[in-house]
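According to TrEMBL, the transmembrane segment annotation covers A:26-50, A:62-87, A:107-127, A:134-154, A:174-194, A:225-242, A:262-292, A:304-321.
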Amino acid sequence: MSHDATTQSSSSALQAVTARLKHSPLLLPLAGLIVVSIAMAFASDNFFSLDNIVNVLRQQSIIGILAIGMTFVILTGGIDLSVGAVMALCGTLGTGVMVNMGMPGGIGLLAMIVVGILFGLFNGLLVAWGKMPAIIVTLATMLIARGLGLVYSGGYPISGLPGWVSWFGIGRVAGVPVPIIIMVVLYAMAWVLLQRTAFGRHVYAIGGNETATTLSGVNTKRIKLIVFMISGFTSAMAAIVFTGRLMSGQPGAGVAFELDAIAMVVLGGTAIAGGRGLILGTLIGAVLLGIINNGLNLVGINPYLQDVIKGLIILLAIYIGREWR
Amino acid sequence: MLQMKGIRKAFGPVQVLHGVNLEVQAGEVHALLGENGAGKSTMMKILCGIIGADDGVIEIDGKARHFAHYDEAIAAGVGIVFQEFSLIPYLTAVENIFLAREKKTRFGLLDRKAMRARAKEVLDKLGVEVSLDKPVAELSVAEQQFVEIAKALSLDARILVLDEPTATLTPSEVEYLFKVMRELRSQGVAIVFISHHLEEIFEICDRITVLRDGEYVGTRRVGDIDTNELVEMMVGRRIESNFPPKPEARPQARVVIDAQTIQLHKAGPFSSFQLRQGEILGFAGLVGSGRTETALSIMGAYPAVRVNVEINGDATTPRNPSEALARGIGLLPESRKEQGLITSFSIMQNVSVNNYGKYRKMGAFLDLAAERKHTVKAINDVRVKAPGPDAPCDTLSGGNQQKVVIARWLNHHTPILIFDEPTRGIDVGAKAEIYQLMRELTEEGYSIIMISSELPEITGLADRVCVFRSGAVVATLEGAAINSEEIMKHATTGKLNYVA
């Protein structure tokens, strides 16, 4: 009897897990991750080595961080095309504060964060209060951010940073690269924000039905503003890692990073129209995209052809996701 | 000319048509009548091939037809003018009429002359004058409707379906439409006319087919039936029984909203009215008379020119719905799908979405257990019938969806509630439940503004009624003065006030 009861409860627990997974937006990204990993493992002996996996994560960390802010914005039904350019602007101005103005390094890093958040504020004000579509606003501010960085530096990289800054780009803690740690910590923070705070619920509500959310008394403008500020903040965090890795302020960095970030969000199962998706999905999307890049390299495919394959894989993923709903 | 026999249709587990018949003759205006949700629109969608029937026969001129697509129905001579117009707002009348079947010259370019001539011919046949060169967005609602009708006729429609064509028209425009309909009737067109206004049906129609809850009730000649019989056919019982009894008038009750001056539009008329605690204040008037806009302007959701409102004695007007919420005003919006529900959210999340302040722990984090406890109570209080609090909202019936939005505000204890068309698209039984619920709420001390286009609802439920015309309140009725005739009189002829 008791034996029966336990098997029943364990099988119903299993059923509950499968039922939850079946309706989870994570199902497809996870399935994709598994399929691609197996394919890559067959294609290359090196793929499943610890070194290679750490390598994939490290490579994905910068855009993976940008994709966090992107997830917030896309969940509200918006988009932020300026993330790559803002990252470059943060890195350039922050480096300038340290090198050209001779301020202590801490102030320089703080400056990066302030610049990122302020730029997000700028985007958010234009979208929420200016009532303009995010895609156009951030297309324009992408140009502005890129241009400002180039104007400030005269188009040249700024080098001469204190050596410890490289810790953010190439340092390790207990053998784990610092960029990976930063990325994972930021994802954890984003998860808490989205799943465990009222703000997070409001983000999903706006993406689900903005009019209904406004009429129910939620201050939707404020939420949209904060969402863009978060995106600005993650751009700044990406800038810190990027600067640490290259040990210089690069005004031309991050071109087309926004596109990879969007691809990660979409591969992670977040609806481009907003309202549905999980931050964990974006992390899976980041890893998935990394494995595809890495695998194509390991197999030795022509880099030009790699872009074609990547594009096709993204299309396929979205198509399957669409059929699934 | 048209025969639909034994039409059956189910959406998932819900049977919406249980073997419905409809027979329309050439040169006849035939009313299709029934409460919201009776299955009229579904019948018409089946006729037009927009959705398929599960069972039943459609015959046109004695030949059985089956339409898999709208195009096939059009080719067979069926034209429909939808309740929500399907015109492209930035295109002209001519461009709209010939959309997707543009006439072309030998060189493959648009033959604008031929299209214009044909459009003019059709509109002349209707006997209407509509600008052919303006974008249709700049035309009046009635003119847009004529363009829709012209579009159907230019396709040689012999069966024309008009789905609530008069809902948004002024009385003189309705007369004009009727003239056009009579003209078409004399030309041998079979017209199916859907309307909730019984007077209109008695005026224009020859025969009436009544549906109730997806069942075919019967077909009568207009001369053989009176209003009372017709209403009984529609609802299956006397409609008065739907409403809970009204309480004694309480003129001494505290004023919770004192709207001294509201002016919606520049150079428009002024309104003033008061909402007293524990009453249901009806906002009556024709569609477009400014009822919704006035209510929304109180809560900062409509940019009126001037709003001087005291809420509980405080004269600062909320600037947006979130400030209104803080002042205790909640809104049940007109359109559940577009303005009320967040359909990707569960029932529970829909109820709690504006109330997370209550479910906090350690400052910022959500207390999920408290959320569940309070929300489930609110859902039960309004008697939502659902599999559970985690069920998605789009599986619920209209009445239950409406209750979810009501639960949102009860959960928040906003003492002032604005209900905009609370029973639109809800079946008869659920309507009675919502009325009962509203009365219970006022007895608990909530104060309700109810905007409604259904006169029985206003006369049956409201303690006092503000009648709107052309953007402002023109009369406030109490007691015995609350009857259909009095309301319609003020709604069509009431005196507007242009001085603050």
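For all residues, glycine too, the Cβ spot is worked out from N, Cα and C.
The recorded stretches the transmembrane segment (A:262-292) and the transmembrane segment (A:225-242) do not share 3+ CB pairs below 8 A when only pairs 6 or more apart in sequence are counted, and are therefore not in contact. When each of A:26-50, A:134-154, A:174-194, A:225-242, A:304-321 is checked for Cβ pairs under 8 Å to the transmembrane segment (A:62-87), A:225-242 comes out on top. When Cβ-Cβ distances under 8 Å to the transmembrane segment (A:225-242) are tallied for each of A:26-50, A:107-127, A:304-321, the top count falls to A:107-127.
Outside the transmembrane segment (A:26-50), and at least 6 residues removed from its termini, the chain residues within Cβ reach (under 8 Å) are 267-269, 278, 280-281, 284-285, 287-288, 291-292, 294-295, 298-299, 317, 320-321, 324.
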